[in-house]
Amino acid sequence: MNNIIDGKALANEILADLKLEIQELTSQTNASPKLAIVLVGDNPASIIYVRHKIKNAHKIGIYTLLINLSATIHTNDLISKINELNLDNEISGIIVQLPLPSSIDKNKILSAVSPSKDIDGFHPLNVGYLHSGISQGFIPCTALGCLAAIKKYEPNLTGKNVVIIGRSNIVGKPLSALLLKENCSVTICHSKTHNLRSITSKADIVVAAIGSPLKLTAEYFNPKSIVIDVGINRISSNKIIGDVDFENVQSKVQYITPVPGGIGPMTIAFLLKNTVKAFKDSLYTLDT
């Protein structure tokens, strides 16, 4: 049954376009985008994610600077390091890899990144732009990846009923803003929602982002459902699964993303797309 939304293939299309765009920009300006990645501590999952980001960046011509810092670093010292990157004109975008150690004030760190280099879209100013409907700044990459995957198979979203399970600042909240802009009717559910199954089973599109392995079984969906699984649940050193019971759900819905190979590659593709946007914005700033 060919109803799998191949996030890897979609991401590769985006990356191919970005590679050509970077080549053209480099030939015109004799400069290239550069991405700074701040990694605090030695969380094994974070190390893997960073490795994927660097690998894909290099493939398309984005230079990277990886800054490894001790998990014992103080919040103020980390802010000082971020400020150095903010002031470095060669750096187009900055990522602070999450999660951070519990001793660090995450909100202070995310607010320290310059909004013009905040390619994750987590700075309060960029969050405000998104939820105010202002077409400026950066939007969180996983939300962008989800929307692109949905629109590939359902280009006209006007009037669609969408249920998002998860209310995080990374996925649930930004995606709800994007879908409202597409004229969807959006319901956000979470761990305290009652009768979740009765809500999701009536939806045209269900986005699962709760971090609960295989939580959503076939009964949560209908035959016309488009299912976007954002869950990344590591069950061993080399195996991850989603929030949706993919094996039993796939044949009972219209379209579904796998884990891995679904939204993960799309997230990286849009992260790099945001990096190129930041690079182009910086060129414009230097010209004015």
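Note: Cβ is positioned from N, Cα and C throughout, glycine not excepted.
Residues or ranges marked as NADP(+) binding site by Swiss-Prot on the basis of sequence analysis: G166, R167, S168, S191, I232. Under DSSP, R167 (NADP(+) binding site) is assigned to coil, being neither helix nor strand in the three-state scheme. Cβ environment of R167 (NADP(+) binding site): K173, I188, H190 lie under 8 Å away, each six or more residues apart in the same chain.
The binding-site residues considered are G166, S168, S191; of these, S191 has the fewest other C-beta atoms within 10 angstroms of its C-beta. Within 10 Å of the C-beta of I232 (NADP(+) binding site) we count 20 further C-beta atoms, all protein chains included.
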